Amino acid sequence: MDWGGLHTILGGVNKHSTSIGKIWLTVLFIFRIMILVVAAKEVWGDEQADFVCNTLQPGCKNVCYDHYFPISHIRLWALQLIFVSTPALLVAMHVAYYRHEKKRKFIRGEIKTEFKDIEEIKKQKVRIEGSLWWTYTGSIFFRVIFEAAFMYVFYVMYDGFAMQRLVKCNAWPCPNTVDCFVSRPTEKTVFTVFMIAVSGICILLNVTELCYLLIRFCSGKSKKPV
């Protein structure tokens, strides 16, 4: 996956975000994507190869691994980051459309602006108001939903956030209940708890930003003359 391309796109959104939104993007890339790319892949790189069961029955080890780890932590984290980042891309599309319309009207002479050329329009910071306010606020709301949903999926799918050292499996074609051992359970538990904690921090930042936008919206409404 091209995380650099995603950073470039979201970096464009970052120019029009609130201060809280800028902090969220920093946390997203430094504490989640960088950890996922640099460290987590090393920890989970050997997960299936080093998943050992005390049986020689063909297929038993693979079935047991699939039963306890239906989706790799790495892939689920990557999927989570995609879902969490997608709403921000909607904001980028909205800003791009806004600038396109403004450039079109500028070229046709339909609007009078303080800008001398199109390049200045491209560099303009778009204020979070009007229809963009709804797009931006909606993107934050869906980020919170996706973060919470994936945290719940993690907890249910893996029966908690701690990685077990020993799991017992009696799925077919295992001849009986076999013991299977997970490699690096403590290290994987630490990484899992860290990623979940960062998800919680991101939810807190998103809720704080959402409250800030709602308060600013309501205060703006109250200042308008009746």
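Keep in mind that glycine also has a Cβ here, set from the backbone N, Cα and C atoms.
For CYS169, the disulfide partner named by Swiss-Prot among CYS64, CYS211, CYS218 is CYS64. According to the topological domain annotation in Swiss-Prot, SER17 and TYR65 sit on opposite sides of the membrane.
For CYS60, the disulfide partner named by Swiss-Prot from the candidate list CYS174, CYS180 is CYS174. In the three-state DSSP scheme, CYS180 (disulfide bond) is classed as strand. Secondary structure at CYS53 (disulfide bond), taken from DSSP and collapsed to helix, strand or coil, is strand. Packing against the transmembrane segment (193-215) from elsewhere in the chain are residues 18, 20-21, 23-24, 27-28, 31-32, 35-36, 40, 77, 80, 84, 128, 133, 136-137, 140-141, 143-144, 147-148, 150-151, 154, 161-162: each is 6 or more residues past its ends and has a CB under 8 Å from a CB in it. Here the Cβ of CYS169 (disulfide bond) has 19 other Cβ atoms within 10 Å, regardless of which shown protein chain they belong to. CYS53 (disulfide bond): 20 other CB atoms within 10 A of its CB, across all protein chains.
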